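Take a look at the structure set out below.
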Amino acid sequence: MPAPYKPGSEKKGATLFKTRCLQCHTTEKGGPHKVGPNLHGVFSRQSGQVSGYSYTDAMINRNVTWDAQSMSDYLENPKKYIPGTKMAFGGLKKEKDRNDLITYMLKACK
């Protein structure tokens, strides 16, 4: 079981997002979907529910409501958390990296 989420460095999280996530995701309201869905408003949203993006059945049926902890659990190993996800990213194994990234995402994805 992944470690509990603890707020981290927003600045380091922004760098992680830029180097690990930005090639597939956008965060701004009304931003386009890329390989992955736009993440604006992801927190408090149910998995697989952004209109205009084609999710796998696995993501839709996982029925998770995203919060900091569920996002941390997912980002540690996406294919283990949701077998059948099409997210190619292998995950962030370091707890600190996940905490930093999620701290950034909580602000950037509002």
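The backbone N, Cα and C atoms fix where each Cβ goes, and this holds for glycine too.
Feature annotations, courtesy of Swiss-Prot:
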- Cys21, Cys24, His25, Met87: heme c binding site (BINDING)
- Lys79: N6,N6,N6-trimethyllysine (MOD_RES)
Task: Cα-to-Cα gap, His25 (heme c binding site) vs the residue listed as 'N6,N6,N6-trimethyllysine', nearest whole Å - done: 17
TODO: Take the C-alpha atoms of Cys21 (heme c binding site) and Lys79 (N6,N6,N6-trimethyllysine) and report the distance between them in angstrom, rounded.
DONE: 16
Task: Fewest Cβ neighbours within 10 Å, where candidates are the binding-site residues Cys21, Cys24, Met87 - done: Cys24
Open item on the list: If you count other CB atoms within 10 A of each CB, which of His25, Lys79 wins among these recorded positions?
Closed with: His25
Open item on the list: Over all pairs within Cys21, Cys24, His25, Met87, the annotated heme c binders, what is the largest Cα to Cα distance, rounded to whole Å?
Closed with: 11
Open item on the list: Same chain, not part of Cys21, Cys24, His25, Met87: whose C-beta falls within 8 angstroms of the C-beta centre of the heme c site? Give them in sequence order.
Closed with: Arg20, Leu22, Gln23, Lys34, Val35, Gly36, Leu39, Phe89
